[in-house]
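Visitor: Mind looking over this structure? Questions follow.
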Amino acid sequence: MSAGNMSHDLGPPRDPLAIVIPVTVVYSLIFITGVVGNISTCIVIKKNRSMHTATNYYLFSLAISDFLLLLSGVPQEVSYIWSKYPYVFGEYICIGRGLLAETSANATVLTITAFTVERYIAICHPFLGQAMSKLSRAIRIIVLVWIMAIVTAIPQAAQFGIEHYSGVEQCGIVRVIVKHSFQLSTFIFFLAPMSIILVLYLLIGVHLYRSTLVEGPASVARRQQLKSVPSDTILYRYGGSGTAMSFNGGGSGAGTAGLMGGSGAQLSSVRGRLNHYGTRRVLRMLVAVVVCFFLCWAPFHAQRLIAIYAPARGAKLRDQHEFVYTVMTYVSGVLYYLSTCINPLLYNIMSHKFREAFKAVLFGKKVSKGSLNSRNNIESRRLRRALTNSSQTQRFSIESAEQPKPSIMQNPTNKPPVAAQYAMIGVQVN
């Protein structure tokens, strides 16, 4: 869509340099940042097997869609800024760009919606999430997302073609295949997903708030002591058995079966306290992604609706509408492509392990489990100290008279299982 679509008067072929140059610089920075960030995201996830989790698979899909959106849109967008007409790329490129852009946009919003549902199930219905293979389910959902994105993009893209205004060629809508297609797109791929996401986060927030009330003030105080510890993943090593259990919701449950000599009630209490704080960090990360998505994409859909309804307002208001449309075109264009480089930045800032793996890839170092966990060894000691200090006011050990005494078979070392060890490893948050 171009400003020329609002009037048969195409106007000047280029806006003033005071607008064109800054916008070009912004587009260039977005393109470089987005391409580097999304390609690096894919490489980091692919090379590090410990990051082959459901959440990272969604992130991988998101990076692919963002990269395709940048590749198909920014070069032609910059070309259009410097020369609004004539369109020199031909009809095939015009239609192909529409197909790729619509597919990528649809895949982005569907992916964000999908892993929001994934987080809701993991936090509010953990037993349901553990009953199914999260990784295999994520793969199936991602494949379905891309199929839906392509199928719904084809009718949109097929409407594009080369149109002629006063003998000047432009890329625009030349045929109507689906009536009210852009209105439907706004509802299906923006309003409905955002409503679903907001409702699910509200339910998650209520669930976490109720969990806080159940745990009581002592648990809140303990969580305050854990705030200095990164929560990529917290593992609990119990009674020297050497069996670790992930508290990020992404494990298979094998760690639970390997625990020896422990109290189920105590283990549940420890798991709840540690997992609660880690879940809140995961939640903040996903909320940030969703909020940025809304801020970046709302102007894009608003600009589309203005382009559709503004011409019907009448000739007297046409100039005002054209000014608003022109401003919205620049604002929505910048924010539209800015969304493609925000996701890698958000995940790098909020995930210690991803940040370490990202730096390792950038500096050409081999991505290894040990290199990603070097800092976590220090943080594990901080975690142990925090838990030791908190136990002075309320010990969460199994030294209670209500707990059965461990047998020799349960504790081969014949040491009291109160010697619980806590360790941090660099498993990506799932």
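Yeah, the Cβs are placed from backbone N, Cα and C, and that goes for glycine too.
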Visitor: Can you tell which of Cys94, Cys292 is bonded to Cys171 by a disulfide, based on Swiss-Prot?
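Guide: It is Cys94, per the disulfide annotation in Swiss-Prot.
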Visitor: In Swiss-Prot, is the topological domain of Pro12 the same as that of Leu346, meaning both on one side of the membrane?
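Guide: That fails: Swiss-Prot puts them on different sides.
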Visitor: Can you tell me the three-state DSSP label for Cys171 (disulfide bond)?
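Guide: Cys171 (disulfide bond) sits in a strand per DSSP.
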Visitor: Is the transmembrane segment (282-302) packed against any residues at least 6 beyond its ends, judged by a Cβ distance under 8 Å, and which are they?
Guide: 108-109, 112, 115-116, 119, 123, 185-186, 190, 194, 197, 201, 204, 208, 231, 248, 328, 331-332, 335-336, 338-339, 342-343, 346-347, 350-351, 429
Visitor: Could you pull out which residues elsewhere in the chain have a CB under 8 Å from any CB of the transmembrane segment (322-342), counting only those six or more residues past its ends?
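Guide: Distal contacts: 1-3, 6-7, 15, 19, 23, 26-27, 30-31, 33-34, 37-38, 66-67, 69-70, 73-74, 77, 108, 289, 292-293, 295-297, 299-300, 302-303, 306-307, 310.
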Visitor: Do any residues at least six apart in sequence from Cys94 (disulfide bond), in the same chain, have a Cβ closer than 8 Å to its Cβ, and if so which, in order?
Guide: Tyr87, Phe160, Gly161, Ile162, Cys171
Visitor: Using Cβ atoms and a strict cutoff of less than 8 Å, what residues sit near the transmembrane segment (17-37) while being 6 or more residues removed from its termini?
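Guide: Counting only partners 6 or more residues beyond its ends, the transmembrane segment (17-37) has Cβ contacts under 8 Å with 63, 66-67, 70-71, 74-75, 77-78, 81-82, 330, 334, 337-338, 340-341, 343-345, 348.
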Visitor: Report, as numbers and ranges, which residues of the same chain sit near the topological domain 'Extracellular' (75-96): CB under 8 Å and 6 or more residues beyond its ends.
Guide: 2-4, 10-15, 20, 23-24, 27-28, 31, 157-158, 160-162, 165, 168-171, 333, 337
